[in-house]
Amino acid sequence: MNIFEHSIKNVDKGNVVAIVGTQWGDEGKGKIIDILSKYSDITCRFNGGGNAGHTICVGDKKHALHLLPCGVLYENNINILGNCMVIHLKTLMKEINNLGNNILDRIYISEKAHILFDIHQEIDAIQEIRKSKDGNAIGTTKKGIGPCYSTKASRIGIRMGSLRNFENFKKLYIKLIDNLMDLYNIKDYNKEEELNEFYTYHLIFKDKIINIISYINKSIDSKKYILIEGANAAMLDIDLGTYPFVTSSSTTLGGIFSGLGIHHKKLNLVVGVVKSYLTRVGSGPFLTEQCNEIGEYLTKKGFEYGTTTKRPRRCGWLDLPMIFYVKYINCIDIINLTKLDVLSGLKEIYICIDYKNKTTGELLERGNYPLEYEQLREYEPVYEKFEGWDEDITNCIEFYELPENAKKYVLAIESYIKTPIVWIGVGPTRNNTITRKFD
């Protein structure tokens, strides 16, 4: 379905569509972004860095993308790295070289995005070691994301635009690195080698670094189809997520407007991606986590290992109070439900439909969410039980082909969150997707 030219229920079509994760990441956003990129003219990343990981399966081939938008897989697509990204150019070059086919011709980078240096990754590792000694490790990807955003917030970071003038960049670089080496007592760091690398990046990228605000707004006004790709997910938002167990950028709807320089009235449609169960990487509260054979089953069958870190993900039942909250802050119009096939083979499946206060027995108001760890500990999940199914559903191409119990599960989710579920993932590839019709 070409979502840019197709209205669904009370949701009007439009030329600017955003895809956002509704949980703790790893919902399978990459697949729906890949499907919709076929119809878009421009695909944009607005936040984060190499800590994101989108795995796209095209036939027998897997593409793991960390910085590049998923639109790079389509030759008709221009791909933009936005203002609020932090970009490790060594990682970006590796992705570009792995994909080949003149990918660089279709990439533009915001002059306002910040450069992530190797020293940021060293600092990330140092900070995690220090926190782990106190039992307070966040479980970061150690990709340098937090330290890079820290230098940005401290106003000593270096933007991509500075790389266009290498002599000026060199002065800024030496000042920054000397500052960080002194601050973190780093004795050995090869500045000369990294500067040589960055001279190469200067030659490669100097004409690809642009004012994306002007570019995107002109494209929107000329009715180009714009697909906006969220990295990480809502519950990892630096302000609105389960702080401090979050990422370092704004992952929710508000991040789009600063990350791309567009105003809210230009955004037509928001697609929320919901995994059929729940996963989390690293530390942090997780009320529906299954530390048992169910959790192990979901990890193995769902191949729940981080695209970036390769760490096994923690697994549990779908948490609807989380979705109610995320729907409020993201104004979600339609849903893509992913990885329904992973639940095949379970005798019973549970959905958390409410949070109940352990002391008072009161149910949490829907749309509210206890983000602080101490608050969350006051609640326990209230489950609704569903009968499972044994059938392999990976070859289902229409909703009616699903087993009755699978259909009941999907319709129950849709009923609770009062948002149409348009796409249902039933396997890893583009073709393993059911598109429901609402005409």
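Just so it is clear, glycine is given a Cβ too, placed from its N, Cα and C backbone atoms.
If you look up Swiss-Prot, you'll see Asp26 marked as active site, proton acceptor. If you draw a 10 Å sphere around the CB of Asp26 (active site, proton acceptor), it holds 29 other CB atoms from the protein chains shown. In this structure, Asp26 (active site, proton acceptor) belongs to neither helix nor strand by DSSP; it is coil.
Residues annotated as active site, proton donor in Swiss-Prot: His54.
Residues or ranges marked as GTP binding site by Swiss-Prot: 25-31, 53-55, Lys62, Thr307, Arg313, 339-341, 425-427.
Note on Gly28 (GTP binding site): other Cβ atoms within 10 Å of its Cβ, all shown chains, come to 21. Sequence annotations record features per position, and here Swiss-Prot assigns IMP binding site to Asp26, Glu27, Gly28, Lys29, Asn51, Ala52, Gly53, His54, Thr141, Arg155, Asn232, Thr247, Arg311 based on sequence analysis.
In the three-state DSSP scheme, Gly53 (IMP binding site) is classed as coil. Annotation source Swiss-Prot lists Mg(2+) binding site at Asp26, Gly53, citing sequence analysis.
The Cβ of Thr309 (substrate binding site) has Thr141, Val281 as same-chain neighbours under 8 Å, each 6 or more residues away in sequence. Under the heading substrate binding site, Swiss-Prot lists Thr307, Thr308, Thr309, Lys310, Arg311, Pro312, Arg313.
Per-site Cβ counts within 10 Å over the binding-site residues Lys31, Arg311, Arg313 peak at Lys31. Comparing the binding-site residues Asn51, Thr141, Asn232 on other C-beta atoms within 10 angstroms of each C-beta gives the minimum for Thr141. The C-beta environment of Pro312 (substrate binding site), restricted to residues of the same chain at least 6 apart in sequence and closer than 8 Å, consists of Thr299, Glu304, Tyr305. Under the three-state DSSP scheme, Pro312 (substrate binding site) falls in the strand class.
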